[in-house]
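Novice: Supplied in structure tokens, the structure appears directly below.
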Amino acid sequence: MTEGNFVDYTKIYVSSGKGGKGSTHLHREKFIEKGGPDGGDGGRGGHVYLVGEKSLWTLFHLKFARHVKAGHGGDGGSSRSTGSDGEDKYIEVPLGTVVRDKETNEILFEITEHGEKRIIAEGGKGGLGNWHFRSSTNQTPRYSQPGLPAQEADIVLELKVLADVGLVGFPNAGKSTLLSVLTSAKPKIADYPFTTLKPNLGIVAYRDYQSFVIADIPGIIEGAAEGKGLGHYFLRHIERNSTLLFLVPADADDIKKEYDILLDELRRYNPEMLDKDRLIVVSKCDMLDEELQVEMKKQLDKDFAGIPYLFISSIAQQGLVELKDKLWAMLNVEA
């Protein structure tokens, strides 16, 4: 998906460098009639690496980098001199990048840590020079090894946002507003569906200089698991979150029904998502008088037995401290 500078999916072709060939040079020196072999080895071809970079949050910088090629190894020289190694290429990617084989769709590896470095195309080994092939029966071998060929790969890079908490809800549930009051993030906010067309991340400052990361996942609609709307482009970002915050507005026609639809979309996309911790948050509680809120709590106790829920108002700044406390406790249950 692409929106502005946010790109979370791209395809690139990578090629390492081929190894340099070994030399067949024979030693030549004044007054020495028959010099022995002194051909050096070829240099290694350049590798292509993927490197995790925490300051990146998009694959936009690779949008037009369709072909990344490392340098070839240099040929061996005389006096057993080894050829130069080919130039390595480093492709920086954001944390949470999944690397797939384009043809088979097999996951090759994932980049999840800053500075993590993985070879995606290994440079060819340099060939051996003729010096290695001298023997008692062949004092002047005139052959050497060629360098090994380069490796090529068509790969798919797919970004899955790394966050502790994922905000899940229908379009216009108030997720962007909640993110803006909990964090310093400034997501686009307006009163129409699909205001958010990319995941927005924010850092929630907690007590004693602690913090956690929360992601506003673009609004899910019924049928998202089958690709309706923007489908799996949104849903895959939720896979990384350890805790899911289901945000449902207090003025929803049926809070339980909205929650069930959201949960069913996650289940159909990936049943393992149901193993994550869940918190139901009823937003816009400033619209409720005290009596109505009491009645609603009674109904929620029946509908969501065993699942924690909270009432908040982002606009009125109600229940936000309790929300932070609850999320922190859920994220640090084993601490």
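Here the Cβ of each residue, glycine as well, is placed from N, Cα and C on the backbone.
Swiss-Prot lists these features:
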BINDING   169-176, 194-198, 216-219, 283-286, 313-315  GTP binding site
BINDING   Ser176, Thr196  Mg(2+) binding site
DOMAIN    4-162  domain 'Obg'
DOMAIN    163-332  domain 'OBG-type G'
Novice: Where does Ser313 (GTP binding site) sit in DSSP terms: helix, strand, or coil?
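Specialist: Where Ser313 (GTP binding site) sits, the three-state DSSP reduction gives strand.
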Novice: Return the count of C-beta atoms lying within 10 angstroms of the C-beta of Gly169 (GTP binding site), excluding that atom itself.
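Specialist: So the Cβ neighbour count for Gly169 (GTP binding site) comes to 24.
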Novice: What residue among the binding-site residues Lys175, Lys284 has the most other CB atoms lying within 10 A of its CB?
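Specialist: Buried the deepest by this measure is Lys175.
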Novice: Taking the Cα atoms as reference points, how far is Gly169 (GTP binding site) from Ser176 (Mg(2+) binding site) in Å?
Specialist: 11
Novice: Near the Cβ of Ser313 (GTP binding site), how many other Cβ atoms are there if near means within 10 Å?
Specialist: 21
Novice: Can you tell me how far the Cα of Ser313 (GTP binding site) sits from the Cα of Ser176 (Mg(2+) binding site), in Å?
Specialist: 13
Novice: Let me know the most crowded of the binding-site residues, choosing from Asn172, Ser176 and counting other Cβ atoms within 10 Å.
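Specialist: Most Cβ neighbours within 10 Å: Ser176.
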Novice: Calculate the per-residue pLDDT averaged over the domain 'Obg' (4-162) and state the result as an integer.
Specialist: 91
Novice: If you measure Ser176 (Mg(2+) binding site) to Lys284 (GTP binding site) at Cα, how many Å is it?
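Specialist: Rounded to the nearest whole number, the Cα-Cα distance is 13 Å.
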Novice: Reduce the DSSP letter at Gly169 (GTP binding site) to three states and note it down.
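Specialist: SS state of Gly169 (GTP binding site) = coil.
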Novice: Secondary structure at Lys284 (GTP binding site) (DSSP, helix/strand/coil)?
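Specialist: Where Lys284 (GTP binding site) sits, the three-state DSSP reduction gives coil.
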